[in-house]
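Undergrad: My structure is below; once you've seen it, I'll send some questions.
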Amino acid sequence: MSSRKIIHIDMDAFYASVELREQPHLKGRPVVVAWEGARSVICAASYEARQFGLHSAMSVATAKRLCPQAVYVPPHFDLYRQVSAQIHAVFRRYTDLIEPLSLDEAYLDVTRNFKNIPYASEVAKEIRAAIFAETGLTASAGIAPNKFLAKIASDWRKPNGQFVLPPHKVMAFLETLPLGKIPGVGKVTLKKMQSLGMQTAGDLRRFERGELLNHFGRYGYRLYDLARGTDERPVKAERECLQISTEITLPEDLPLEQAAGHLPHLAEDLWRQITRKNVEAQSVTLKLKTYDFRIITRTLTYSSVLPDCTALLQAAQMLMARVPPQTEDAFRLIGIGVGHLVPKNQQQDLWA
């Protein structure tokens with residue numbers, strides 16, 4: 001087992017918590033972050049709203065039936081990004097090995113940290129305290145020898161808690177871990193596992209690699225390792241990139257049409273980033289991740305720059321239409337990105 005010390009930090013109901021911080025009179029009420037509209041979906045739900053069964057990616061229409069008294073506030077992605085930058089500034093006091101997963105979660109490798117703190121649990125405790133002191137928001141943390149285990153651990157004491165999974169306790173922990181707790185195991189995969197008599201990671205571990213490959217294809221390699229607590233992926237430090245993108249990991253696997261419901265707010269979020277960076281883009285890429293971790297991408301490249309958010313959304317919807325609607329596929333992530341970036345006004349806009 002690896003001797004690395006990995007922390008997974010996950011902010012608690014991040015978007016909703018930021019909105020509650022800005023509008024404290026809403027505290028204690030079920031709050032939903034979403035644009036209202038017939039085809040809108042929830043971006044985030046407060047813990048009070050979750051008690052009624054509301055969750056991100058649920059349609060607003062369904063949410064209103066389940067919880068008519070919920071308060072709806074539109075998302076403010078620029079604000080979320082500002083708060084996320086504050087949180088990352090806290091991370092950088094301890095390590096430069098930071099791998100952001102989204103605005104509200106990240107992996108940190110603190111095996112060697114700037115403050116020479118020997119215990120990763122103490123590093124996590126300090127980080128969580130600093131985040132709360134500086135933003136008023138709570139975070140949960142998982143501490144483990146690798147990224148896979150740290151991500152599971154961060155969910156164990158939510159909200160506002162942390163859980164340590166040392167190497168010598170990993171196998172016992174996995175023995176009774178429900179399969180649905182394994183990141184990436186969605187409804188489709190879980191149903192197949194259960195049909196094979198599996199309920200826990202311990203059950204999964206009793207299958208040979210060849211059997212898993214037979215039942216799950218290439219994903220069987222990953223399942224074989226995860227059942228044994230093995231994950232050698234390094235924490236990849238953030239690097240400057242030649243494109244701008246945004247994506248969302250869905251809380252449950254969704255068919256293509258429902259996943260497409262996220263495109264409008266993804267496009268709006270991405271357009272804000274483009275505007276803030278003062279650049280223009282000539283290509284649009286759609287990214288989808290299936291329940292078994294296959295990546296599907298589609299790209300459109302234009303001879304001129306995208307003029308506005310509407311054009312960006314239209315391009316993303318055109319790309320979505322190019323994805324074969326295979327009924328057996330369920331999707332756990334959707335994202336869009338832009339490339340072929342140029343400084344604003346450098347290239348004449350030929351869309352007009």
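The backbone N, Cα and C atoms fix where each Cβ goes, glycine too.
Swiss-Prot lists these features:
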| type | residues | note |
| --- | --- | --- |
| DOMAIN | 6-186 | domain 'UmuC' |
| BINDING | Asp10, Asp104 | Mg(2+) binding site |
| SITE | Tyr15 | site 'Substrate discrimination' |
| ACT_SITE | Glu105 | active site |
Undergrad: In sequence order, what residues of the same chain, 6+ apart, have a Cβ less than 8 Å from the Cβ of Tyr15 (site 'Substrate discrimination')?
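TA: Within the chain, Tyr15 (site 'Substrate discrimination') has Cβ neighbours under 8 Å at Val33, Cys43, Ala44, Pro75, Tyr80, Asp104.
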Undergrad: To the nearest Å, how far is the Cα of Asp10 (Mg(2+) binding site) from the Cα of the residue listed as 'active site'?
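TA: Roughly 4 Å, rounded to the nearest whole number.
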